[in-house]
Amino acid sequence: MFTEDTIAAIATAPGVGGVGIIRVSGAKAFPLVDALFAGKSAVPLTERPNRSIQYGRIVDPKTGRTVDEVLLLLMKGPHSYTAEDVIEIQCHGGPVVVRELLRLVLSSGARLAEPGEFTKRAFLNGRIDLTQAEAVIDIIEANGEAALGVAVGQLDGTLATWIRRLREELLTMVARLEVTIDYPEEDIEEVTTAEVAASLTPIMADMQHLLATAKSGRMVREGITTAIVGRPNAGKSSLMNALLRENRAIVTDIPGTTRDTIEEGMTIEGISLRLIDTAGIRDTEDIVEKLGVERAKEYVSAADIVICVIDGSTALSEEEKDILETLKGRTAVVFINKADIATAITAEDIAPYGPFAAVAAISAANGEGLDVLGHVVKELVYGGEVQGDRGAMLSNIRHINLMETALALLTQAKENLEAGLSVDFIVTDMRSAWETLGDITGDSLRESMVDELFSRFCLGK
Ligand SMILES: Nc1nc2c(c(=O)[nH]1)N(C=O)[C@@H](CNc1ccc(C(=O)N[C@@H](CCC(=O)O)C(=O)O)cc1)CN2
Ligand SMILES: Nc1nc2c(ncn2[C@@H]2O[C@H](COP(=O)(O)OP(=O)(O)OP(=O)(O)O)[C@@H](O)[C@H]2O)c(=O)[nH]1
Ligand SMILES: [Mg+2]
C-alpha cells in the first residue's frame, strides 16, 4: 500500500440534492474523521465494525458547533474503492453544508484530491487495471444505454482478462525463441521458429476479432454523427424538429431558411446521435447561404449516417439527383417527405441511385415513417458479424490504436520468421507487441501516460 496523503473531495454533483457525500481516503481517514464526529457511542471509529454505517453529527472542534447530522460509511483498506481506508460522510445535500464539511476535513489534515485521484489510487494499489479505470469515466460520461452497457462490460475486467491472456501467450513464445539464441543449434532453431510462427496465427486472429468490434464500439461510445441534407424546402428542419420532438430549428415555406448548421443530441435505441440540420443545397449568389451550403457538404462527408430528405410532393429535381449521386458508398437513408399531402415520388424512383440503407415515405409534419431511422442505426451499430454485448469489446480509441500497433508488430514478426530472419529481430518485435498490449491495461506502466489519463476524470472520482 502507498503511504501517501489522505485525500478528500466532494463526491456528489454540485448543487442541491437529497444527500451529499464527502469522500476521505488514506491512512489518516479514520482518526481524522473521528476527531470531527460525535455519536452515541464513544468507541473509536477504527474499532467499530468494518463496512458499518454510523449515525451522528459532525462538530467543528474550534467552535463546538454542529455542522450537520450525518451518516458515516466505514470501509477499511484494502477492501474499499481506493484499496485504502475510506470514510464517506453522507450529509444533507446542500452546497453550503457539503462545502463546510469538506473545509473541516481539509483543515484537519486531509489534502484536496486531484481529479480522478481516488480511481488512480485504486489503479496504483492494483484493485483495478487501466481499462477498468477508463470504464469508470465511460460510465459517468455514457451518452445512452448502449454506451453504458459497453462501459459496464469493460468495468468487470473482461477486456483486461483477454489482453493478459494474449500477453502471457506471447511471453511464452518469446521465451522459447530466446532459448534458440542461447543455444544456436540449427535444427532446434528451425523447429522452434516454425512452431512459433504457427502459434502466432491464432493470437493474431484473436486480436483481429477484437479489432472487428472497434467500429461499433466506437460508434456506441462516441455517438453517431447524422447529417440531414437535401434541397431547400424539402423539410430537413421539420424532420430535425420531429425527431427531437421540439421546435428547435426554424421552419418556414421560404427556401433557404436554414443558413448555418444546427446540432442537437438525441438517443435512439439507446444509442446517442448527433443530429446536424444543414442548409438546403442549391446554387446561390447569397454569400451567407453559399457558405452554409459549403458547410453542409463538409458535414455530409464527415457523417456516419446521411439522411437525405426529398420533397415528395413534386417530381425529383436535378439538384436532388445530384445529391443522391454523392451518397454512393455511404450509409444513407432517403426520406421521401410530405407523404401526408402527396406522393409524386416513390421508392422505385429512388432505387436506381442506391443502394441505400433505407428508403421510406415519411411525413415530418405528422411523424409517420420516422421509426425506420432506429432500424438503420441498430443495423449500422450491431449489424454484420459483430454483436453488441458478447465478450470483450474495444470502444476506446486509445485501446484501438494500441491494439492495431501490436498487431502490426506481430505481423512483421511473423513475416520475418517465415523469411528466416535472425531470431533477435523477431524477439524485439514480439517484445514490443507485448509491451504495447500492456499499455492498454497499464501493466507496462508508463507514468506520463497514466497521469494524462487520470487528469481527464472529474473531481471527487
Ligand atoms: N457511496 C458510494 N457509492 C458508490 C461508489 C462509492 O465509492 N461510494 N462507487 C465508486 O465511486 C461505485 C461502487 N464502486 C465500488 C467498487 C469497489 C468497492 C470496494 O469496496 N471493493 C472492495 C470490496 C469488494 C467486495 O465487497 O466484494 C474490493 O474490491 O476489495 C466499493 C465501491 C458506485 N457507487
Ligand atoms: N405537408 C407537409 N409539409 C411539410 C412537411 N415537412 C415540411 N413541410 C413544410 O415544408 C416547408 C419547408 O420546411 P423546412 O423544414 O423549413 O425545410 P428545410 O428543408 O429545412 O428548408 P431550408 O432550411 O430552406 O433548406 C415548410 O413550410 C414546412 O411546413 C411535411 O411532412 N408535410
Ligand atoms: Mg431548414
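Even glycines carry a Cβ here, placed using N, Cα and C.
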Checklist entry - Do you know which of Asn233, Asn337 TrEMBL groups with Thr252, Ile254, Thr257 in the K(+) site? => result Asn233
Checklist entry - Per TrEMBL, what member of Arg23, Arg218, Arg221 joins Glu88, Arg127, Lys461 in binding (6S)-5-formyl-5,6,7,8-tetrahydrofolate at one site? => result Arg23
Next on the checklist: Please list the binding-site residues from Arg23, Arg127, Ser237, Ile254, Pro255, Lys338 whose Cβ falls under 6 Å of any atom in ligand 2.
Outcome noted: Ser237, Pro255, Lys338
Checklist entry - Which residues of the same chain, at least 6 positions away in sequence, have a Cβ lying under 8 Å from the Cβ of Glu88 ((6S)-5-formyl-5,6,7,8-tetrahydrofolate binding site)? => result Ala11, Ile21, Ile22, Arg23, Val24, Leu72, Leu73, Met75
Checklist entry - Can you tell me how far the Cα of Thr257 (K(+) binding site) sits from the Cα of Lys236 (GTP binding site), in Å? => result 10
Item to check | Cβ neighbours of Thr258 (GTP binding site) where a neighbour is any other Cβ within 10 Å | outcome: 22
Checklist outcome for this item: DSSP, reduced to three states, assigns Lys461 ((6S)-5-formyl-5,6,7,8-tetrahydrofolate binding site) to coil
Next on the checklist: Considering Cα atoms only, can you say which of Arg127, Ser237, Ile254, Lys461 is the nearest neighbour of Ala279 (GTP binding site) among these binding-site residues?
Outcome noted: Ser237
Checklist outcome for this item: Longest inter-residue Cα distance for the (6S)-5-formyl-5,6,7,8-tetrahydrofolate binders Arg23, Glu88, Arg127, Lys461, rounded to the nearest angstrom, is 19
